């Protein structure tokens with residue numbers, strides 16, 4: 001009797017079971033899009049190449065493998081060195097796995113059969129990678145659709161599938177990329193369940209960090225705690241990106257935590273902490289930023305800046321719905337920040353006039369948010385016909401699209417006091433005229449505040465995936481050891 005167990009991925013214990021049907025549905029969605037594309041011939045086949053193991057420079061020390069995202073989206077395969085082929089007409093899938101030498105069993109473990117991989121990944125067929133040319137020849141596809149296109153965040157070109165004998169086939173490398181990218185922009189219900197999970201575990205880890213932080217600790221101790229919680233409780237071997245654990249003036253360094261600034265400052269009394277960290281499960285990302293006082297109590301200045309950012313974050317989320325243009329949300333956040341900075345006396349004058357000279361970008365030079373999925377900066381931000389706006393702040397937006405249901409984005413407004421940008425503004429008469437320099441001096445070593453939420457656009461608004469303490473009262477209570485659940489923000493005005 002055939003097994004009725006549906007294949008799924010899980011790391012056991014309480015970790016999420018992800019059905020392999022998620023990837024079968026993705027392949028189906030891709031084929032449906034391709035069949036509607038008039039440029040796609042009958043009997044076409046998609047060919048995707050998975051990632052390969054890499055070593056540290058010239059050594060034999062392996063870097064922990066993480067699957068290439070397009071390949072993972074279509075097949076959910078965790079092993080390296082694989083290929084995948086999808087028959088566009090029928091949707092049937094073939095996974096090609098490496099033919100491993102006998103020595104593999106000595107050093108790396110059991111050599112699994114093709115039937116093992118067929119059951120594990122719920123594909124229609126499994127063959128070896130050294131047979132890909134002969135298998136495709138026997139099927140006689142009219143054209144092989146390979147993946148080649150530019151990632152609009154990095155500017156890098158994705159790797160196109162290549163194998164010995166591919167030159168014998170008719171190959172098209174222009175059709176597939178925009179179609180599969182557009183599929184990745186819109187998440188299925190099964191994908192959303194995984195993103196809810198990554199957010200839940202990462203949110204819990206952020207709360208643990210809030211409760212544990214103490215003056216005198218190193219920033220990297222909080223990074224370590226976050227990673228430990230995500231891995232031990234959530235099965236997250238990887239984080240979605242390098243953890244950014246800023247304290248004090250470091251909170252004005254947008255991408256702190258790199259090798260030259262490795263989260264190594266000692267946290268001091270009176271510091272604001274800005275911790276931007278997200279766990280990754282089965283290649284699905286999360287991206288959450290929490291800002292809070294190191295000693296557990298906001299000063300008046302910290303509270304003023306924090307609540308300004310919280311107001312912009314929640315106003316944006318309340319405004320989000322299908323049809324909204326994302327650059328308008330960035331401009332809305334800028335307006336609120338400038339209104340609040342004027343309210344506390346740091347700026348004076350007409351907010352409309354401030355916006356005309358792009359003063360908002362002095363305090364928030366990055367974009368308001370980005371797509372999220374299998375990559376922390378997920379693909380699809382600038383498809384053909386969507387142009388980047390060449391203005392301060394807005395040019396850093398990772399998408400300028402109109403919102404649609406199923407899109408998952410971050411909402412991450414921030415106010416930072418970056419000396420380099422402040423000095424430039426003060427040297428520009430068009431911007432300097434708005435500053436109260438005496439009040440500004442008070443904030444020169446403040447650092448910054450960022451609040452980052454992960455949300456999915458729904459038919460009527462948005463669903464908030466992140467669940468961490470957000471109000472001043474919730475944060476102070478959490479840091480004092482009160483483990484009450486935060487009140488979820490509904491997005492209702």
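For all residues, glycine too, the Cβ spot is worked out from N, Cα and C.
Swiss-Prot lists 2 with the feature N-acetylalanine. According to Swiss-Prot, the feature phosphoserine maps to 167, an assignment based on similarity to another entry. According to Swiss-Prot, the dipeptide binding site annotation covers 255, 287, 377, 398, on the basis of similarity to another entry. Positions annotated as Mn(2+) 1 binding site by Swiss-Prot, on the basis of similarity to another entry: 276, 287, 452. Annotation source Swiss-Prot lists Mn(2+) 2 binding site at 287, 370, 412, 452, citing similarity to another entry.
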Integer Å distance between the CA atoms belonging to residue 255 (dipeptide binding site) and residue 412 (Mn(2+) 2 binding site): 14
Rounded to a whole angstrom, what is the C-alpha distance between residue 276 (Mn(2+) 1 binding site) and residue 287 (dipeptide binding site)? 7
Counting every protein chain shown, other Cβ atoms within 10 Å of the Cβ of residue 276 (Mn(2+) 1 binding site) number 25
Using the Cβ center of 255, 287, 377, 398 as the dipeptide site position, which other residues in that chain lie within 8 Å, going by their Cβ? 153, 241, 370, 376, 410
Could you tally the C-beta atoms, other than its own, that fall within 10 angstroms of the C-beta of residue 255 (dipeptide binding site)? 11
Around the C-beta of residue 370 (Mn(2+) 2 binding site), how many further C-beta atoms are within 10 angstroms, looking at every protein chain? 23
Mn(2+) 1 site shell beyond 276, 287, 452, criterion: Cβ within 8 Å of Cβ centroid: 244, 277, 278, 288, 289, 410, 412, 450
Of 167, 255, 287, 370, 377, 398, which recorded positions come within 10 Å of residue 452 (Mn(2+) 1 binding site), going by C-alpha to C-alpha distance? 287
For residue 377 (dipeptide binding site), which residues of its chain lie six or more apart in sequence with Cβ-Cβ distance below 8 Å? 153, 370, 371, 398
Cβ within 8 Å of the mean position of the Cβ atoms of 287, 370, 412, 452: remaining residues of the chain near Mn(2+) 2: 276, 288, 289, 369, 372, 376, 409, 410, 411, 453, 454
